[in-house]
Amino acid sequence: MDYNKILQGKYPAKQHAKRVSDYIRDKIPNATGVLYLEGRATKMIEDNDSEEHFRQRRYFYYLTGCPLADSYVIHDMDSSKTTLFIPPVDPESVIWSGLPVSAEEALSNWDVDEVKYTNEINATLAHVGASKANATLYAIPNQVSEKVTFLEFDHKNFSILKEAIEVTRVVKDEYEIAMIGKANQISSRAHELVMKKVKHVKNERELEAVFLAECISNGARDQAYHSIVAAGRAAATLHYVANNAPLDGKLNLLLDAGGEWNCYASDITRTFPINGKFTTESRAIYDIVLKMQLECIATLKEGVVWDDVHTLAHKIAIDGLLELGILKGDKEAILESRTSVAFFPHGLGHYLGMDTHDTGGNANYADKDTMFRYLRVRGTLPAGSVITVEPGLYFCNFIIEPFLNDPKHSQYINRPVLDRYWDVGGVRIEDNIVITKRGTQNLTTAVKDPDEMERLIASS
């Protein structure tokens, strides 16, 4: 798909500001006033004169599309006017960093009505506050600089703006979906390039370098999260990030990695054989996980209850593990006992957007039901949301051993058969899915058919 055509226009910041304002008015009838947000400030590395890697504050970006550090924005709820404040020229820094973005350039680049410099912020706030009787200033706690003052505003609300942005971010517009799609295009190609290189390198770190280089060379300079490049049994560790172990003697590689496109994330996982050919045990587990993913995706559309889809994934896993003989007994009893959590301990997926684990979802990490404790999304899925579908099966001794020592669970686990699967490590397959009124759109194009992956690896 040609996402570039959609992305030729400006990021729809004012549309987002309207949605946020409408949410506030829905909660506070007749609400009036100003939304105030700050971009992330430049930060220095501790005990060093170099800057930390910059990552724009997502709340600010949602209402501006502006990637500049040390910037502010005001959105007038009544007039719908958005004013962006960017850093002025600092003559002392020009020799080192060059000229910054000018007000004229900023007005051309981003969906705002006026651009001023940050040294005008307090005077502008004072003028706006004095001209609006009984107006409220809406801001986010701990995201207001000490030098910024709201003295002229009769009322200040620090409780609803963050909530309003987090809720409205769940449903994406066409532009946002194109951003996630663009990140997926680049990252999918990077995943396939890693598959082509896997037989020709000796260490996980070399494959991480391949992925990063492909993303950066195609414009995805930042990663959405720390890449997981896990060979062999390391793939049973969900968030393994050492990425520094040799590949020799190991069966499979689990690659969980995704680049960003202008602050929007991709989150993709593929698992494939290091030598280009799945073992019998690895292929059996892969086929179960792929079935889990495909059948779960097939059920998705607006209004589907995510908890039910997660349950379906466990049912498919149980059926598959019973067929292999790893599990034994009645499948309904196994489901009720939650024994399948030993092999599939995490949730089926999470919302995706500007953050990898995006806002919304209503997770309940205190849930006493272990099958749902780590499910990051609960309840119905709205059209326009983007969610990952990432089932997995893992053979982690540390996790499974307590189940083997508990009669409640051990009665359903066939230890002699299980022992043949430890070297499989873990298998996870993850795609990024747009929920529509009648179905889905899969943004992830990286190959996942096991025969195709084997051919791709062999072709290199």
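A Cβ is built for glycine as well, from the same backbone N, Cα and C atoms used for every other residue.
Noted in Swiss-Prot for the protein shown:
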- ASP256, ASP267, GLU430: Mn(2+) 2 binding site (BINDING)
- ASP267, GLU390, GLU430: Mn(2+) 1 binding site (BINDING)
Rounded Cα-Cα span from ASP267 (Mn(2+) 2 binding site) to GLU390 (Mn(2+) 1 binding site), Å: 10
GLU430 (Mn(2+) 2 binding site): tally of other CB atoms within 10 A of its CB: 23
GLU390 (Mn(2+) 1 binding site): secondary structure state under DSSP, collapsed to three categories: coil
Cβ contacts of ASP267 (Mn(2+) 2 binding site) (under 8 Å, same chain, 6 or more positions away): ALA224, TYR225, ASP256, GLY258, LEU352, THR356, THR388, GLU390, GLU430, ASN432
Mn(2+) 2 site, defined by ASP256, ASP267, GLU430: further same-chain residues with Cβ within 8 Å of the Cβ centre: ILE228, ALA257, GLY258, ILE268, THR269, THR388, GLU390, ARG428
Chain-mates of ASP267, GLU390, GLU430 with C-beta within 8 Å of site centroid, Mn(2+) 1: ASP256, GLY258, ILE268, THR269, GLY349, THR388, VAL389, ARG428, ILE429, ASP431, ASN432
Where ASP267 (Mn(2+) 2 binding site) sits in the secondary structure, as DSSP reduces it to three classes: coil
Cβ packing number for ASP256 (Mn(2+) 2 binding site), 10 Å threshold: 25
